[in-house]
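Enquirer: Below are the structure tokens for one structure; questions will follow.
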Amino acid sequence: MAEVKKKFFVWSSVVIGIVIGLIASMGIADVLHATGSGFVCTMCHTMDPMMLQYHEDVHGGNNKLGIKAECSACHLDHTSAYTYVLTKLKVSINDGYKTFFTDTDKIDWLKKREHASHFVYDSGCMTCHSNLKNVIQAGKSFLPHRDYFVLGNPNKKSCVDCHEHVGHKDLGLQMDKFEAIKKQENNKTK
């Protein structure tokens, strides 16, 4: 009888552990998903121009179907669940530090765009555009994408090296306006 109770206890513990693990995993997944939206990304005023231009872009829902790619679709590595979470942690820590401990008004966002391949991941692009690989042999998209898909990307270019303005339509123009407004506000406070 003691042996039966022991087995029951062990199996009950395993089942309860699995259930708790599944519930915790779903909770973590929900938090990861919820914190990848534009709402969270724009809690800081620094991201206002980016969000305004995102809504003007095809990826921000300005398309026939209204389909949107959340911030995390492009700005996190989707190679695996591990790299996704690791990238999210790194980005969150970096952005949190910069928001609370530096003067974000001094960030040169236009200059940062020159390094877009460091914070926009091809794996995110391929999550939605994987069919491009299959239709690449026909049509006008073959030549521009040949090196990337057929030759194994010998020049090590990322998607945003060629698609510079993807995700935030006319961001350069918006940033110029934003900078002018910021200068006016700074002059008023002096």
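The backbone N, Cα and C atoms fix where each Cβ goes, and this holds for glycine too.
What TrEMBL records for this protein is below:
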- C41, C44, M47, D95: heme 1 binding site (BINDING)
- C71, C74, H75, H168: heme 2 binding site (BINDING)
- D95: menaquinol binding site (BINDING)
- C125, C128, H129: heme 3 binding site (BINDING)
- C159, C162, H163: heme 4 binding site (BINDING)
- 6-169: domain 'NapC/NirT cytochrome c N-terminal' (DOMAIN)
- 9-29: transmembrane segment (TRANSMEM)
Enquirer: Measuring Cα to Cα, how far is C41 (heme 1 binding site) from H168 (heme 2 binding site) in Å?
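Expert: If we compare the Cα positions of C41 (heme 1 binding site) and H168 (heme 2 binding site), the gap is 14 Å.
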Enquirer: Among the binding-site residues M47, C125, C128, C162, whose Cα is within 10 A of the Cα of H168 (heme 2 binding site)?
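Expert: Near H168 (heme 2 binding site) by Cα: none of them.
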Enquirer: At a 10 Å cut-off from the C-beta of H168 (heme 2 binding site), count the other C-beta atoms across all protein chains.
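Expert: I get 23 for this one.
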Enquirer: May I ask for the distance between C71 (heme 2 binding site) and D95 (heme 1 binding site), taken between their Cα atoms and rounded to an integer number of Å?
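Expert: Here the two Cα atoms are 14 Å apart.
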Enquirer: Nearest to C74 (heme 2 binding site) by Cα distance: which of the binding-site residues M47, C125, C162, H163 is it?
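Expert: It is C125, whose Cα lies nearest.
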Enquirer: Quick check for the class: what is the C-alpha distance, in angstrom and rounded, between C162 (heme 4 binding site) and C125 (heme 3 binding site)?
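Expert: So the alpha carbons of C162 (heme 4 binding site) and C125 (heme 3 binding site) sit roughly 13 Å from each other.
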Enquirer: Should H129 (heme 3 binding site) be counted as helix, strand, or coil on the basis of DSSP?
Expert: helix
Enquirer: Over all pairs in C71, C74, H75, H168, the listed heme 2 binding residues, work out the largest Cα-Cα distance in Å.
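Expert: Across C71, C74, H75, H168, the two farthest Cα atoms sit 12 Å apart.
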